[in-house]
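Below is one structure, written out as structure tokens; the observations come after it.
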Amino acid sequence: MSLAGKKITVHDMSLRDGMHPKRHQITLDQMRNIARGLDAAGVPLIEVTHGDGLGGASVNYGFPAHTDEAYLSAVIPELKQAKVSALLLPGIGTVEHLRMAHELGVGTIRVATHCTEADVSEQHIGLARTLGLDTVGFLMMAHMSSPEQLVVQAKLMESYGANCIYITDSAGHMLPDDVTARISQVRDALKPETELGFHGHHNLAMGVANSVAAVAAGANRIDAAAAGLGAGAGNTPMEVFVAVCDRMGIETGVDVFAISDVAEDLVVPIMDAPIRLDRDALTLGYAGVYSSFLLFAKRAEAKYGIPARDILVELGRQRLVGGQEDMIEDAALTMVRAREVVA
């Protein structure tokens, strides 16, 4: 099936998911510079918050260089055509955080839950719709649920008022057939006017292929990040995805060369380490582990001498999900004790 002429919305993640590899330490000037570049390149939607969403600043998730309010206040006035979104995880972000974001000019709120827990999003989705926001239900770790189970959860979020639903490959574990099955069944189940999106990670180098599969199956919003700046091996690299879309005739409205310049000249220079598919990031995708666990596992390796890969495999075995970052330390300690017993 030809996708030529299909229009999609690309949504940049480099200033939100990109907070994870930066340990939430992106400066206000870096935020402004990258946001201006994305805006000029034609990116229509840019996400800006702590890596774990509004209210994410904590011992568990990490303290950012600046508050969400400061980041949003720095970026929003700089934009000429792009709009700003914010992520909110119920239990981390509150309705007061949501109101704050709205007052500062955020136009899109993405309410994120684990893929089996859509019922905890009702209050936040309902308020976002009442405030007139573009309201997105964001189902994380979607590889852990069957297409049929995702349909049930997506319809719950739609019933609460979400005008767009996201199928989110938080672990970068899916292959194109997995994406096709989930996106197509959810697309068939939702109202025709409800939009559908896909968020990928590049932990098996499938970010671009999975995103194209999502578009072919009916998604019209696709997350990506300039230079792939995001958790794990990064998000779908925006400049590559836009170039592939251009080759296929999919209309993104983003200039290929301009977004490539943003990636190369603005994003790559702020990386603490190259965003690449190393053995630990590969393990995230292979074992189906939440991408933002990568740095936690590397810190545990440095502290306890247990290889990060072994820790990540154990986290996958335990089927840990976002919000259980404290269990990474527990898993590492258990492995240390087991090693001592063997010795």
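Here the Cβ of each residue, glycine as well, is placed from N, Cα and C on the backbone.
Quick look at what Swiss-Prot lists:
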{"type": "DOMAIN", "residues": "8-260", "note": "domain 'Pyruvate carboxyltransferase'"}
{"type": "BINDING", "residues": "Arg16, Asp17, Ser170, His199, Tyr290", "note": "substrate binding site"}
{"type": "SITE", "residues": "Arg16", "note": "site 'Transition state stabilizer'"}
{"type": "BINDING", "residues": "Asp17, His199, His201", "note": "Mn(2+) binding site"}
{"type": "ACT_SITE", "residues": "His20", "note": "active site, proton acceptor"}
Inset, instruction - Please state whether DSSP places His201 (Mn(2+) binding site) in a helix, a strand or coil. - result: strand
Inset, instruction - Note the Cβ centroid of Asp17, His199, His201, the recorded Mn(2+) site, then list each other residue of that chain whose Cβ lies within 8 Å of it, in sequence. - result: Met13, Thr168, Asp169, Ser170, Gly172, Gly200, Asp223, Ala225, Gly230, Ala231, Asn235, Thr236, Ser291
Legend entry - Cβ packing number for Tyr290 (substrate binding site), 10 Å threshold: 28
